[in-house]
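Engineer: This structure is in structure tokens; I'll ask about it shortly.
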Amino acid sequence: MDEEGTVSSDSTMRRRKPLGWKAMPYILANETLERLASFGLTSNFMVYMVREYHMDQVQAAALINTWSALTNFAPIIGAFISDSCTGKFVTIVLGSISELLGMLVFTLTSLIPTLRPPPCTTDQITGTCVRYSDQQLYVLLSGLFLLSVGTGGIRSCSIPFSLDQFDDSTEEGREGSRSFFSWYYTTHTIVQLISMTLVLYVQNNISWALGFAIPTALNLFALVLLFVGVRFYVFIRPEGSVISGIFKVLVDAYKKRNAQPPSEIEHYRPLLETSSQSNKLVLTDQFRFLNKAVIVMNNDEARNEEWKICTMRQIEDIKSIISIIPIFASSIIGFLAMNQQHTFTVSQALKMDLRFPGSSYLIPPASITVISLLTIGIWLPFYETVLVRHIEYITKQEGGISLLQKVGIGNFFSILTMIISGILERERRDLSRAGVSRSVFWLAPQQVLMGFYEVFTIVGLTEFFNKQVPGNMRSIGNSLLYLGMSFASYLSSATVSTVHSVTARGGRQSWLTDDIDTGKLDYFYYFIAALSTLNLIFFLCCAQRYRYRNM
């Protein structure tokens, strides 16, 4: 039996039948506990560095932003390694071990006093506390690096490995893989809710050591669960370097650019695949210049060099990658609205009445985003269990609506979110200037709308990137979502800096000031809505021209 879970020979491949949802309890349990562990550890990093390492706000924020960028980029590297040599399961295991080691490092920093600066004494509270040493910083950075490496292995392969367990050649398998994305994101949302409430409470009010030890123990249990279910899994063997296959097609198409197209000549050899593959593959008219790579020239036959000859599958694979680039580009701007909900929304909450209605309990400002998580947690199960069947009956389409229709609806919600955010902010600012403090729940409408944006766009893009790339590049496709979020974070920072500097020219008051009561945050929200509208138009043009593959 090979790594694919098959008994193979040169002439036939008898593949172990994917068990679908029978394998999911172990995989979903592993992923849920792993995400609970990682979110529980990372969601309070800012507070930990400021309180325990005595970093100033700017330094801690810079360190976290740099680490976040590395963490979001790491899945692309993990995907290339997985699809080229190690395979998805091995990559997940190695990533889990690395993440577990990173969590152990952080747990040790909270348990061993010499691994962090001493606590501030009474006479240092108003002065300067003892700073961390270089050695203490190196230990902290090593923990962060191990977490990034672990994230690169887990995020890149967790969803693709799950999809390998469904047989897309059957209606049951297609239905299972489609509904998987919704349930996956539902568990993702529940994990975030727990992390932002219970785990943060333990870390802030009981003990950092216990608050870090709990996620570490959960991560270890998640790894054990992954191995418990190994007898149920299907393993797909990696097919070698993905990059070499891409360059092979590009180089061959360029060298044969002056040759006649394959449809006009008899001498080309498309049957380098197995017979079963060739029966399913045809050269499409899309990006026809790449079709010339399949032509077998006389010198190719004489030398019989594999580099000289491209298969139809390789050509169609690279076409699918090129096709999704415009959709990927549109997703970057689409994420801008979501980024603002985690920054300026908190600034708004700080200026509002944080008391929970009917009590004296003060809600943490960042916890207002829990409303969007609750929206996701309620809507997704309702959609999958009740609504989707009725929509399928009307549209006669699996899943009710197509993947790009789902993403387009989400992009519309992002525009609506920014418009409503601007309207609510103007009302809040006017009341605040008049001495009236609105309840923080005044921000609930924009949070609910943002929840619907994530329901449609994030779930839709996750499924799109996983299903519209070649099977041997699925880990890379899955990582495009995180790469887009990484680019969106940089774009958001650049947008904020540009708007701040441009609107402050000529001695005018900037739209984005430290005191949002004196600025014009609502104008900035409208500006993001305008950008999102242009992006929606661009997306619709791309979606209309897109040809679905692997469906």
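Cβ coordinates come from backbone N, Cα and C, glycine included.
Just lifted these from TrEMBL, have a look:
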type     : residues : note
TRANSMEM : 58-82    : transmembrane segment
TRANSMEM : 89-115   : transmembrane segment
TRANSMEM : 135-154  : transmembrane segment
TRANSMEM : 183-202  : transmembrane segment
TRANSMEM : 208-234  : transmembrane segment
TRANSMEM : 321-341  : transmembrane segment
TRANSMEM : 361-382  : transmembrane segment
TRANSMEM : 403-424  : transmembrane segment
TRANSMEM : 439-459  : transmembrane segment
TRANSMEM : 480-503  : transmembrane segment
TRANSMEM : 523-543  : transmembrane segment
Engineer: Take the transmembrane segment (480-503) and find every residue of the same chain, 6 or more past its ends, with a Cβ under 8 Å from one of its Cβ atoms.
Structural biologist: 65, 68-69, 72-73, 75-76, 155, 324, 328, 331-336, 338-340, 343, 458, 461-462, 465, 509-512, 520, 523-524, 527-528
Engineer: At a Cβ cut-off of 8 Å, and with pairs 6 or more apart in sequence only, do we get at least 3 pairs between the transmembrane segment (321-341) and the transmembrane segment (58-82), yes or no?
Structural biologist: no
Engineer: Which range out of 58-82, 89-115, 183-202 gives the transmembrane segment (135-154) the most CB pairs under 8 Å?
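Structural biologist: Per the Cβ under 8 Å count, 89-115.
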Engineer: Can you work out which residues elsewhere in the same chain, 6+ from the ends of the transmembrane segment (523-543), have a Cβ less than 8 Å from its Cβ atoms?
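Structural biologist: Those are 326-327, 330, 333-334, 336-337, 340, 344, 404-405, 407-408, 411-412, 414-415, 418-419, 421-422, 425, 495, 499, 503, 511-512, in sequence order.
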Engineer: Flag the pair the transmembrane segment (89-115) / the transmembrane segment (208-234) as in contact if three or more Cβ pairs fall under 8 Å (sequence separation 6 or more).
Structural biologist: yes
Engineer: Would you confirm whether the transmembrane segment (183-202) and the transmembrane segment (58-82) meet the contact rule of 3 or more C-beta pairs below 8 angstroms, pairs 6 or more apart in sequence?
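Structural biologist: They are not in contact.
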